[in-house]
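Quick look at what Swiss-Prot lists:
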- 235, 236, 237, 289, 388: L-serine binding site (BINDING)
- 266, 267, 268, 353, 354, 355, 356: ATP binding site (BINDING)
């Protein structure tokens with residue numbers, strides 16, 4: 001959530017920066033609500049002052065032994081008016097809050113201007129795409145004989161669900177374990193096992209609600225009269241980041257670096273017809289997430305560090321990739337700046353997103369009321385960052401395609417072999 005004081009001080013400037021990312025701020029609605037708030041607040045304060053003055057008069061009259069009934073009646077009437085005015089002020093504040101909950105973050109000054117993904121800026125590349133001496137297969141054709149089972153997944157749960165069997169299941173598990181071990185043993189993260197179901201207010205904290213309710217899977221428990229609505233997490237960023245909600249941390253507790261391997265559940269409401277074949281876009285997929293909670297002055301250094309941590313995974317797996325800075329028009333709702341890592345997918349002859357690393361600055365922290373004591377000992381909002389380290393299913397796609405062999409086998413990347421008992425190749429089952 002944006003700082004409402006910023007809108008009050010520079011509404012036109014905020015509207016311009018939001019327009020850069022393709023969002024039109026309802027300036028008229030905000031201005032009208034602000035005027036109503038100021039008027040109601042002024043009236044409430046005037047009534048408070050009048051009541052205080054009358055209370056002093058009552059004391060003086062009693063001291064003189066004079067009748068106070070008329071003044072006390074006026075005080076009582078003012079009290080009733082103040083209650084109504086306070087209720088009105090609360091209602092206006094809620095409408096302002098609801099308006100702000102739908103407003104995205106402001107882009108950092110270093111973010112390139114652009115309307116959509118075509119105007120993202122490439123930062124660097126690593127690795128050289130392999131030149132194959134045979135016709136390249138996509139991961140579906142490579143993986144199906146090795147245990148990638150789309151038919152059973154669809155039979156059990158419908159489209160965009162997949163079952164992994166045998167060698168493929170082991171490889172998938174090895175990838176996640178390798179990622180977690182790298183982040184905890186070399187990058188300083190603490191591993192967390194997180195709930196996969198959260199309460200609605202948790203999603204407001206990280207920005208999935210109210211705007212992206214259609215992208216979430218909702219679950220209900222209890223009978224008709226006592227139904228409780230909760231949500232399946234679309235990323236463990238949600239639960240990891242909210243561990244500091246409603247907290248005031250000591251400065252020496254920062255930075256906090258957390259990582260988790262979890263399934264993620266997304267309805268993909270806006271992606272009909274996109275990536276319908278294979279593992280690229282699923283309703284359920286695994287991801288290793290990185291989250292950092294830091295002091296504001298260190299957050300952009302932390303962002304670069306986090307990108308480096310995701311890059312390390314790709315480099316150890318020997319997967320070619322590139323780093324992209326997202327332009328203003330392509331960033332996620334909560335982000336002030338985002339880097340995407342895109343891995344080379346041979347069958348598509350292109351790079352595809354495998355990690356997204358974002359600094360949300362104080363946007364999520366303000367919604368969560370996550371603070372720390374600064375050098376002056378005063379509570380100040382932390383900055384929160386999140387990044388994929390990596391999406392496990394998409395990494396599996398990249399391994400199957402980049403390490404495929406002409407005979408249908410797949411060479412296991414060297415970094416993964418200790419997690420597979422030294423296995424060097426996934427072999428086709430004997431006929």
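Backbone N, Cα and C define each Cβ position, glycine as well.
Projection of Swiss-Prot feature records onto the structure.
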{"residue": "235", "record": "L-serine binding site", "Cβ neighbours (10 Å)": "22"}
{"residue": "236", "record": "L-serine binding site", "Cβ neighbours (10 Å)": "27"}
{"residue": "266", "record": "ATP binding site", "Cβ neighbours (10 Å)": "20"}
{"residue": "267", "record": "ATP binding site", "Cβ neighbours (10 Å)": "17"}
{"residue": "268", "record": "ATP binding site", "Cβ neighbours (10 Å)": "15"}
{"residue": "353", "record": "ATP binding site", "Cβ neighbours (10 Å)": "15"}
{"residue": "354", "record": "ATP binding site", "Cβ neighbours (10 Å)": "26"}
{"residue": "355", "record": "ATP binding site", "Cβ neighbours (10 Å)": "28"}
{"residue": "356", "record": "ATP binding site", "Cβ neighbours (10 Å)": "22"}
{"residue": "388", "record": "L-serine binding site", "Cβ neighbours (10 Å)": "27"}
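Residues 235, 236, 237, 289, 388, recorded as binding L-serine, reach a greatest CA to CA spacing of 10 Å. The number of other Cβ atoms within 10 Å of the Cβ belonging to residue 289 (L-serine binding site), over all protein chains shown, comes to 29. In this structure, residue 237 (L-serine binding site) is part of a helix by DSSP. Here residue 267 (ATP binding site) is compared against the binding-site residues 235, 236, 237, 289, 388, and the shortest C-alpha distance is to 235.
Residue 237 (L-serine binding site) has a Cβ environment of 30 other Cβ atoms inside 10 Å.
Of the candidate binding-site residues, 235, 236, 237, 388, the one lying closest to residue 268 (ATP binding site) when CA atoms are compared is 235. What surrounds the L-serine site, by Cβ distance within 8 Å of the Cβ centroid and not counting 235, 236, 237, 289, 388, is the set 238, 240, 260, 262, 264, 287, 288, 290, 291, 386, 387 from the same chain. Residue 353 (ATP binding site) sits 16 Å from residue 235 (L-serine binding site), counting Cα to Cα.
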